Amino acid sequence: MANNQLGVLNALDAAKTQWYHFTAIVIAGMGFFTDAYDLFGISLITKLLGRIYYTNENHPKPGTLPPNVAAAVNGTAFVGTLAGQLFFGWLGDKLGRKRVYGLTLMLMVVCSIASGLSFGKSPAGVMTTLCFFRFWLGFGIGGDYPLSATIMSEYANKKTRGAFIAAVFAMQGFGILTGGIVALIVSASFDHAYKAPPYSVNRKDSTAPEADYIWRIILMFGAVPALLTYYWRMKMPETARYTALVARNAKQAAADMSKVLQVELETEEEKVETASSSNSFGLFTKEFARRHGLHLLGTSVCWFLLDIAYYSNNLFQKDIFTAIGWLPKAETMNAIHEVYRVAASQSLIALCGTIPGYWFTVALIDYIGRFTIQLMGFFFMTVFMFALAIPYHHWLSNNAGFLIMYSLTFFFANFGPNATTFVVPAEIFPARLRSTCHGISAAAGKLGAIVGALGFLYAAQSTNPAETDQGYPPGIGVKNTLLVLGSINCLGIFFTLLVPESKGKSLEELTGENEEADGNDKQQASSTQTLPV
């Protein structure tokens with residue numbers, strides 16, 4: 001332990017698991033619940049939007065979103081998220097975590113509601129409105145990434161810190177599942193109330209006019225969980241690490257944490273005042289590059305590679321289900337029932353693969369470590385992607401086997417790099433740069449999501465021009481797409497070697513903060529280690 005460590009930080013590191021830990025997980029986690037609901041919910045309604053606004057009744061197949069519109073609808077939220085991660089990550093280090101925490105949530109509430117509204121009824125007006133508000137929805141979601149991770153890491157004790165941060169992120173799985181359940185309930189209700197024939201029977205009447213309400217209700221429901229937690233976010237005190245190490249107010253840090261921990265803590269102003277000047281380097285300095293440059297490269301590239309595979313899988317999983325026959329062909333269903341079938345598919349994957357993977361990480365991350373979980377996750381994602389791709393035509397006649405293998409790729413994404421890429425950047429960077437560096441790492445991930453969401457909309461199209469979605473050029477097909485994704489996951493294995501193991505260490509041990517001058521060399525050696533401990 002550093003001999004200049006503040007008592008309030010020691011108390012946080014050594015604290016037993018208490019009620020405030022669970023409160024913080026729920027408050028921060030509900031933001032991620034909303035994030036996942038909003039980001040992944042769009043895949044539930046894209047087919048419906050195509051049917052409502054772009055159907056040509058002279059065509060034998062129902063309408064689909066034109067490529068440029070589909071790219072905009074799927075991508076604008078990711079672009080907004082990327083911008084929000086960078087902006088709010090920087091702002092969280094400048095103004096404090098709490099001061100901007102409520103702002104991101106209110107932005108998500110307002111834009112969730114606005115996403116379900118539209119200017120006019122024309123396709124151009126509706127899609128422009130949707131894209132505009134989803135950009136700002138993404139901007140708010142982006143702020144939630146670095147702020148939630150940083151707040152949880154700075155509140156947690158060092159023994160179970162990984163589990164607590166991972167638990168916040170694991171709420172994403174419930175957000176994805178809830179999106180599917182809401183879509184199931186809404187579509188089933190409308191399908192029961194407004195009977196419509198399949199498209200192949202009656203092209204005009206297969207899309208009931210009331211179907212336009214379905215996608216609006218699904219999107220607007222995203223405001224509910226965010227709104228419910230706003231009050232509690234505003235009641236949380238600023239983290240002691242920000243108050244003491246960045247704002248340099250040890251008295252306030254001790255007062256805040258005395259209430260949280262329900263113990264008396266000593267004010268240690270002199271330790272704040274005598275903190276080593278060697279730890280005051282900025283982001284764009286040689287000292288940061290020497291100490292943490294490889295770490296930031298590792299966390300950013302791993303997140304980038306992971307999100308290419310993860311988001312492309314989520315966004316074109318409806319096309320995979322169609323290809324293997326698990327979803328009927330669009331022309332054999334009416335528009336509302338198609339929403340129901342897509343939602344059922346996504347809910348099943350979330351329940352069988354996504355959610356269990358998250359909670360395996362929560363249970364084991366502080367025992368087997370971040371490094372091992374991330375390496376193992378990338379390895380098995382590679383294995384299962386290739387196992388799906390190489391004998392792809394075999395799986396077309398073995399739907400149950402394909403579904404199991406596909407679920408396992410999601411399981412090992414979440415019991416793997418999808419969780420650890422969120423956890424590690426919140427632990428290994430100094431307090432005054434922690435939110436910024438997490439935002440940079442997360443933004444790299446969203447750049448990968450943009451590549452995955454937009455690039456694979458085209459790539460996953462059939463090589464046969466007669467089998468492509470309306471308006472799309474031929475692609476490389478699902479089989480070759482899976483081969484590319486498997487190769488991307490393989491790259492993640494190598495970049496994981498740049499990421500240090502942070503299990504069982506205090507944040508200040510990892511970063512060298514509050515170290516006295518004679519301890520700097522030892523700390524620097526520790527902080528630049530890139531192999532697991």
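For all residues, glycine too, the Cβ spot is worked out from N, Cα and C.
Per TrEMBL, compositional bias 'Polar residues' is recorded for 522-533.
Among the features that TrEMBL reports, domain 'Major facilitator superfamily (MFS) profile' is placed at 24-504. A mean pLDDT of 87 is what the model gives for the domain 'Major facilitator superfamily (MFS) profile' (24-504).
Summarising the annotation, TrEMBL assigns region 'Disordered' to 506-533.
TrEMBL lists 20-45 (among others) with the feature transmembrane segment. When Cβ-Cβ distances below 8 Å are used as the criterion, the transmembrane segment (20-45) is approached by residues 73-74, 77-78, 81, 104-105, 108, 112, 134, 137-138, 141, 144-145, 148, 151-152, 155-157, 160, 164, 167-176, 178-180, 183, 214-215, 218-219, 221-222, 225-226, 228-229, 232-233, 236, 260-261, 314-315, 317-318, 339, 342-343, 346 of the same chain, each at least six residues removed from its ends.
Among the features that TrEMBL reports, transmembrane segment is placed at 65-88 (among others).
Under the heading transmembrane segment, TrEMBL lists 100-119 (among others).
Residues annotated as transmembrane segment in TrEMBL: 125-142 (among others). Proximity of distant same-chain residues to the transmembrane segment (125-142), defined by a Cβ-Cβ separation under 8 Å and at least 6 residues beyond the stretch ends, is recorded for 34-35, 38-39, 42, 49, 53, 69, 72-73, 76-88, 103-108, 111-112, 114-115, 117-119, 222, 439, 442-443, 446.
Annotated transmembrane segment per TrEMBL: 163-190 (among others), in sequence order. Counting only same-chain residues 6+ beyond the ends of the transmembrane segment (163-190), those with a CB under 8 A from a CB of the stretch are 21, 24-25, 28-30, 32-37, 40-41, 44-45, 148-149, 152-153, 155-156, 208, 210-211, 213-214, 217-218, 221, 225, 314, 336-337, 339-340, 342-344, 346-347, 350-351, 354-355, 357-359, 361-363, 365-366, 414, 418-420, 422-423, 426-427.
The transmembrane segment annotation in TrEMBL covers 213-232 (among others).
The annotation transmembrane segment is assigned in TrEMBL to 294-312 (among others).
A Cβ distance under 8 Å defines the sequence-distant neighbours of the transmembrane segment (348-368), meaning residues of its chain 6+ beyond its ends; these are 159-163, 166-167, 169-170, 172-174, 176-177, 180, 317, 403, 406-416, 418-420, 423, 503-504. The transmembrane segment annotation in TrEMBL covers 348-368 (among others).
If you look at the transmembrane segment (375-394), the same-chain residues 6 or more away from its ends with a CB under 8 A from one of its CBs are 302, 306, 309, 402, 405-406, 408-409, 412-413, 415-418, 420, 478-480, 482-483, 485-487, 489-490, 492-493, 496. If you look up TrEMBL, you'll see 375-394 (among others) marked as transmembrane segment.
Under 8 Å from some Cβ of the transmembrane segment (400-424) lie the Cβ atoms of residues 145, 149, 162, 165-166, 169-170, 173, 299, 302-303, 306, 309-310, 313, 317, 320, 324, 326, 348-349, 352-358, 360-362, 364-365, 370, 373-374, 376-378, 380-381, 384-385, 387-388, 441-442, 445, 492, 496, 499-500, 502, all in the same chain and six or more residues away from its ends. According to TrEMBL, the transmembrane segment annotation covers 400-424 (among others).
Within the same chain, residues 67, 70-71, 74-75, 78-79, 81-82, 85-90, 92-93, 142, 145-146, 149-150, 283, 292, 296, 299-301, 303-313, 315-316, 319-320, 421-422, 425-426, 429, 472-473, 475-478, 480-481, 484 sit at least 6 positions outside the transmembrane segment (436-460) and bring their C-beta atoms closer than 8 Å to a C-beta of that stretch. Residues annotated as transmembrane segment in TrEMBL: 436-460 (among others).
Positions annotated as transmembrane segment by TrEMBL: 480-499 (among others).
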Residues from the same chain, set at least six apart from the ends of the transmembrane segment (100-119), whose C-beta lies under 8 A from its own: 31, 34-35, 38, 84, 88, 91-92, 125-126, 128-130, 133-134, 136-137, 139-144, 147, 151, 215-223, 226-227, 229-230, 233-234, 236
Beyond the flanks of the transmembrane segment (294-312) by at least 6 residues, Cβ under 8 Å: 78, 374, 378, 381, 385, 413, 417-418, 421, 424-425, 428-429, 437, 440-442, 444-449, 451-453, 455-456, 460, 481, 485, 488-489, 491-492, 495-500, 528, 530
